[in-house]
Protein chains: 4
Amino acid sequence: MNELDFDIGGDKLREECGVFGIYDLDGGDVASTIYYGLFALQHRGQESCGIAVSDTEGPKGKVSAYKGMGLCNEVFETEHLEQMHGNIGVGHVRYSTAGSSTRENAQPLVLNYVKGTLGLAHNGNLVNAPQLRKELEYTGAIFQTTIDSEVIAYHIARARIGTPNVESAVAAAMKKLSGAYSLVIMSPRKLIGARDPYGFKPLCIGRRDNAYILASETCALETIGAEFVRDVEPGEIVAITREGIASNREMCLPDPAGEARCVFEYIYFSRPDSAFDGVGVYRARLQAGRFLAMDSPVEADLVVGVPESGNAAALGYAMESGIPYGTAFVKNSYVGRTFIKPKQSSRESAVRVKLNVLKEAVAGKRVIMIDDSIVRGTTSALIVNMLRDAGAREVHVKVSAPPFLHPCYFGTDIPDEDQLIAHGRSVEEIRQLIGADSLSYLRMERLKEMAGGKPICTACFSGIYPIEPPQEDIRGSYER
Amino acid sequence: MNELDFDIGGDKLREECGVFGIYDLDGGDVASTIYYGLFALQHRGQESCGIAVSDTEGPKGKVSAYKGMGLCNEVFETEHLEQMHGNIGVGHVRYSTAGSSTRENAQPLVLNYVKGTLGLAHNGNLVNAPQLRKELEYTGAIFQTTIDSEVIAYHIARARIGTPNVESAVAAAMKKLSGAYSLVIMSPRKLIGARDPYGFKPLCIGRRDNAYILASETCALETIGAEFVRDVEPGEIVAITREGIASNREMCLPDPAGEARCVFEYIYFSRPDSAFDGVGVYRARLQAGRFLAMDSPVEADLVVGVPESGNAAALGYAMESGIPYGTAFVKNSYVGRTFIKPKQSSRESAVRVKLNVLKEAVAGKRVIMIDDSIVRGTTSALIVNMLRDAGAREVHVKVSAPPFLHPCYFGTDIPDEDQLIAHGRSVEEIRQLIGADSLSYLRMERLKEMAGGKPICTACFSGIYPIEPPQEDIRGSYER
Amino acid sequence: MNELDFDIGGDKLREECGVFGIYDLDGGDVASTIYYGLFALQHRGQESCGIAVSDTEGPKGKVSAYKGMGLCNEVFETEHLEQMHGNIGVGHVRYSTAGSSTRENAQPLVLNYVKGTLGLAHNGNLVNAPQLRKELEYTGAIFQTTIDSEVIAYHIARARIGTPNVESAVAAAMKKLSGAYSLVIMSPRKLIGARDPYGFKPLCIGRRDNAYILASETCALETIGAEFVRDVEPGEIVAITREGIASNREMCLPDPAGEARCVFEYIYFSRPDSAFDGVGVYRARLQAGRFLAMDSPVEADLVVGVPESGNAAALGYAMESGIPYGTAFVKNSYVGRTFIKPKQSSRESAVRVKLNVLKEAVAGKRVIMIDDSIVRGTTSALIVNMLRDAGAREVHVKVSAPPFLHPCYFGTDIPDEDQLIAHGRSVEEIRQLIGADSLSYLRMERLKEMAGGKPICTACFSGIYPIEPPQEDIRGSYER
Amino acid sequence: MNELDFDIGGDKLREECGVFGIYDLDGGDVASTIYYGLFALQHRGQESCGIAVSDTEGPKGKVSAYKGMGLCNEVFETEHLEQMHGNIGVGHVRYSTAGSSTRENAQPLVLNYVKGTLGLAHNGNLVNAPQLRKELEYTGAIFQTTIDSEVIAYHIARARIGTPNVESAVAAAMKKLSGAYSLVIMSPRKLIGARDPYGFKPLCIGRRDNAYILASETCALETIGAEFVRDVEPGEIVAITREGIASNREMCLPDPAGEARCVFEYIYFSRPDSAFDGVGVYRARLQAGRFLAMDSPVEADLVVGVPESGNAAALGYAMESGIPYGTAFVKNSYVGRTFIKPKQSSRESAVRVKLNVLKEAVAGKRVIMIDDSIVRGTTSALIVNMLRDAGAREVHVKVSAPPFLHPCYFGTDIPDEDQLIAHGRSVEEIRQLIGADSLSYLRMERLKEMAGGKPICTACFSGIYPIEPPQEDIRGSYER
């Protein structure tokens, strides 16, 4: 079960990050709670992780931080957690890309500014980061990382000089920032959360006794035994202090219809046991499966999901269609980051090491296979072929999302257009390429229904961007 | 577990392991194929792993070997595989127990004897190992590990002096060995496979072009793209040489009815995509679920499995009963060996970090929860409670095996009787302890049907041992 | 020391470091030459090390950098060097102190600013760093480390906006900086070297074919097969470009008599095979020994040095006095950073593990033991005692420096005054504490002679500071 | 300072091993004392190390052991030592060669045999090991390592069956063993030490309160604060029990004149602060220098040693000749095992990274350079050349040993004859090859004098072997 980490053939989209923050008013140490919170968010980023804590009653500016490359499991040892004392803290998980995966870029960013220290963790992507960097550099700024968090931190630091408190400085900074961001910020005495006005990325508030929590997903609240309080709203800034939660909504859009939640949080990124802005992710996926059954029915003997993220939609399809749900695949869960990939020349294939077909389940059957997306299509073709080898009589592929056609500038790593199988191809052409007997995608109209009627961003499917995208493709442009 | 405490004085903890062997008659390097084969068998042992290869055309006695503590993923790096040249080899994965997990005990065992070198990998447990050790010591033997493989190796080495070939020496050694063992042995020019006469543990033969493979499970054949040839029979010794496969059946039982396959291979150990002596494991588990539905029906709205091993039986139950199958749990797959367990005093619980409930799936429903076994019962109680917290109206627990009551001397690590929840308790008492609305186990009579009618060992449930167990409980005696 | 406790709130411990820079006009890769150069400077810093390289013909702003905690030996692997391509680069070794040894503080500092990238390595200590940080913060600066290099980088970045080139920006920045600093800076097309106007710390220029080198010590030139060109002068900025070396002397003191070379470079810091501003370090130490023999002669049978740094002065003493030079100690060179120190309660002592006495050499003799300094005095007492245990009839201690009495604010880590054995004690009192038969120190007047007549800083002995020290002792303020 | 680990250019001979044993009659834990003892013996082996301890009052057969590849510093962590409880133990350091440097071969060997457990550590080399292995294999033995210790252990195990105690079994085994060996053996209740009848390798006895120690060198006694009791005699077996030290001399040679101490222990292997069979190593080296001055005087201005092992002989030469002793070289002590060697094609040389010349010391002078041996001669040539580059007018090389001409079968790693510079060359030819103005070796006749008149083995110089060497070169023949 994970929508989580299983990327069958290196052919899944990747989320940018997960953030977590906590402030225990009763003064308890929070480092290990952050650790478990990050565990629950690990599917949002496996490249690097970090924790920074401070003590609201201690000397200003004393921060303990530890960051490293890899999973929480790999980076943190007991002694790290035991040596980090403090009742306020932030944590971060980051995803791995080829280029900029360096220790320098690990978050949270910990820094000193005019009012003491800040710890800052960020999920999302600014579309005007290069321009903001240039502007800052022309006034003497220096940059030691290539992450947007450093740009955001500079704006907060500069805005702070003329503002009464850090949350006002965050608001002032947000006026300059364009793009997707959910932020968790720790100052010496406050925990701040903020979402961009469009609400691209999730951020929720939880509570456990006298501790307040901010997290990318509600599943992190469950994991640490906290109760869900509410979502931070798009454009909202919340400041958690000894006095409780204060809210600043000056950056909220005048008309919520303009909000643009990332629909891919429902389709793939978020864990199924999370709810994003009030809509359960599992339920959304079941619903996508039902829509597929309504909109593109086909006669068959068995409905199966491509593990793990296809399973919920497969169950929804089975419920709606009455065709039995089954299991067709056995996944090898021991294939980790350090897995040695088979060479092209070898007889072994990476897909077969990760995924086997249950012959007994599919032999002689007409199979409906549900996947949440097709990116390059190569893995889909391999899996369809494996099902046929195992004796499936027919293989009908249903995708619980529309075809990917456009780049994302808000924090999702989508390959170049020419690598997208749907780019410049009809559905029939794609069907032939992956070797399926039939192929259908979720209809565009269904997306908003699936997301419970909330305003969503569908740019990767529709090309309609809620914010003007940059003139040139900025992704990766300021990498060392 | 640590390398420091090396208990030389006895034997090893009874364990579950996986073995793999390959001989490529065309002379290709086999180390990386063994690596992928071990990946497919990793569920059989996560404590340590090892590979040894040799070249049948090279100088006799030149063996490259690499072993280490941990998963294949953790132990092997690309350079290890690249530096191991040879067209014949064996591999092993070993299961982690509390006590005797040391590097010295990692397999395969590589040794020099009168005829050159042997590489030996072993799955199972001898019941007369302590006695055989004593006998050997009285003739001047020295022991450097606490694994049975060393005892087996000594017997082969001694038998080899008066026998024409290594397979005869294996046969002669088998006359002394009592217990469960599936062996894969590499000599300078031959690959040998052998199963004890009772056939407790699986071992199958595969082929890929001109390479022959021996493996604990058929799923390893699939993974490396080999085809299944047949199972090694209980009591059979196969010798793979340039001339092909030769078989020695002198140790087979006169009456196959006396064979005693470990039924837990079907219930839990083997991967669902494997077949053990001709019976598909997935099918066996579906069948167990169907039996539960037939034998202990209950009214409910939803059937769910405890992931992962309960899912197949849950599907079988759903098929037979007509009650909808669903998903109730989200498992966090990032919890690895180095996971820092929450302290008792902390607010986090290890179970909640690993497993969350999908509230949307179970709220308001009467849920049938299928698990493959209940050992101590503590986790079951927690999960039942989590389902209730998530709003389940009723929780009916069905177990796809009979209650555990007796120790195993053949390679399965079962806790002491007084830690088994079923020991000295009625089913009703167990039900109360785990807080379920109802509880049923698979009936003993169903086990043989589930295993396709093959003779099986049911000692852990029935207390009827196919081989006389040792007078005293030898399991504890090897451990500090 | 650990990475967890990252004190953002101030500045760094004053430390001794080594810097290295190279620009190969012929375009060859320089990373491995930097590695060997840092090896030769390793005695100047064992806490952390780092290398950053760039290609003057490549895209501006593409820097490869690798840093880590520990010795060059421990941090760098072959693959790191092989993956760093570029013909210009800088390197740094940093010294280990108790407090602020974190990965974040490792150098070189690599950053983006308005004109591209800078790599900056720095040896020394600013006395006005806290004040400069405050000023910068009040204009919106953020700090991610606690090292002075970040302060220097900010000043260069800001100065660069209104200046024609980076060397002018360095000159403008130097007008703000007060304290000790030798800098090596890499911009996309230039290698810059600079020394503070007092010339506290060494920096020399070398050449190998068409490659120019900057290094803290001349021994690094020897090691890489380069020839010594000249020293960078106190206050000088040199810019190495395709056109050769350009010099900017605007920051040089009007009167060189005000310069203040750190005399401890001669006494202890520099390697004996280096020359600092034209004066050979080995010769200086021989000379110190000769002065001791002239100024405080004593009758004895043997002159020995406390290894390694006391040996040269011992030889000088022997030459001048005619008393035979000998070896009294065997040092265990395997005692590295990870050495497990004996517990107080154990029978072993850390000194005895590291140092044994050659009984045969000292038994029955009157021994003169030369050491380069006595700080706390505890080790001296132990060694004197070991000599007596080995049979030395008399032990006369001579110190090739005057007594330490005052803090250093320019980059040398001297303990608090109350830990200095010479603080508040007469020489006779110290003699009694260490148990010597006699004790003499180098006379203050000899220091300048020893340094070849060059103007030196003697503040740690004399309390006369070439630059006004900070009002309060800033050294403690940066540490937790 | 070390005769210890500094191998200037990969051109030194290497010792086989160092052993250490301790039995604390008062019951104190001994693991950390073994650790410090091994530190003092680290120069005898840097490939691997290990410690095994047991409790004489605890259950028989409970041994805690930890071994690993690398230096003590690298292998052992505090927790290892803390977890090893027991008042009796053995330790071992082993030297690194290209071929057989595997974890399997690390010592001590820990094994179970008929009477419980043995821990065995061994220094030396058997000349009849291959033959003994074959014989054992023909009686059914299996070998899991390629070290002689396993052969020795088998003989003890077999002999133990018919003998009253373990020391008698050791004596019986020694009758079969031919070659060089100093053994330290731990049985459940006894600590045993033994030297081969020729006394090739050192072994001494020490005492600290109620703890008895066995060690390869006396410097290990100093380090742990123990007093020297006596040497184990050639051929002697000592058994340390609760009753004290018992001695068995049945294997001693009838005529001590036949003993054959390895003269290279005096020349290079042992630490200068050790005494071997009553003769101080430092004194022996001084003496060698004096002999060189007597036998081959030359006019010069300065005598220098090649660090570290040439320094003592240089001092002796200076004393005898009246020519001043000086220091010519600065060694880089940070060059460890993981040092990345310069490529052939690079401008850096490994020798220059490790060793610089003090120009000021040698410029314009006629220099006598003393080295303890010349093996291949390549490094000598480089160093002579470096002295000339630094301005030396003449370079006279004196070697404090005769020329190497023959292989050693007793535990010293000497290259093949055709790699020895002295093989087939006159002294004059060698002089020309290394570029010296003159060259002289220690005269053969001086060796025994140097060793205090004790019978010594000079086979590597003279070709006269105290034991008949094997027909064929056995070295490395039974490596995997």
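Glycine residues also receive a Cβ, built from the backbone N, Cα and C atoms like all the rest.
Matching B:CYS204, B:CYS219, B:CYS408 to the [4Fe-4S] cluster binding residues that TrEMBL gives (B:CYS262, B:CYS457, B:CYS460) identifies B:CYS408. Record note: TrEMBL gives B:ASP371, B:ASP372 as Mg(2+)-binding, and the candidate from B:SER309, B:SER426, B:SER438 in that site is B:SER309. Other than the site residues B:SER309, B:ASP371, B:ASP372, same-chain residues with C-beta atoms no more than 8 angstroms from the centre of those residues' C-beta atoms, the Mg(2+) site, are B:ILE267, B:TYR268, B:GLY305, B:VAL306, B:GLY310, B:ALA313, B:ILE370, B:SER373, B:VAL399, B:SER400, B:ALA401. When the C-alpha distances from B:ASP371 (Mg(2+) binding site) to the binding-site residues B:CYS408, B:CYS457, B:CYS460 are tabulated, the minimum falls on B:CYS460.
Those residues of the chain, other than B:CYS262, B:CYS408, B:CYS457, B:CYS460, with a C-beta within 8 angstroms of the mean position of the [4Fe-4S] cluster site C-beta atoms are B:PHE200, B:VAL263, B:PHE264, B:PHE410, B:THR412, B:THR458, B:ALA459. If you take the Cα of B:SER309 (Mg(2+) binding site) and the Cα of B:CYS262 ([4Fe-4S] cluster binding site), they are about 17 angstrom apart, rounded to a whole number. With the fewest other C-beta atoms within 10 Å around its C-beta, B:CYS408 stands out among the recorded positions B:CYS17, B:CYS262, B:CYS408, B:CYS457. Annotated pair B:CYS408 ([4Fe-4S] cluster binding site) and B:ASP372 (Mg(2+) binding site), C-alpha to C-alpha distance, rounded: 17 Å. Under the three-state DSSP scheme, B:ASP371 (Mg(2+) binding site) falls in the strand class.
Rounded to the nearest whole angstrom, the C-alpha distance between B:CYS262 ([4Fe-4S] cluster binding site) and B:ASP372 (Mg(2+) binding site) is 15. B:ASP372 (Mg(2+) binding site) sits 20 Å from B:CYS17 (active site, nucleophile), taking the CA atoms of both as reference points.
Each residue contributes its Cα atom, and for B:CYS17 (active site, nucleophile) and B:CYS457 ([4Fe-4S] cluster binding site) these two points are 18 Å apart. Following the DSSP three-state reduction, the secondary structure of B:CYS262 ([4Fe-4S] cluster binding site) is strand.
Cβ contacts within 10 Å of B:CYS460 ([4Fe-4S] cluster binding site), excluding its own Cβ and spanning all protein chains shown: 24. In three-state terms derived from DSSP, B:CYS460 ([4Fe-4S] cluster binding site) belongs to a helical segment. For B:ASP372 (Mg(2+) binding site), the number of other Cβ atoms no farther than 10 Å from its own Cβ, over all displayed protein chains, is 22.
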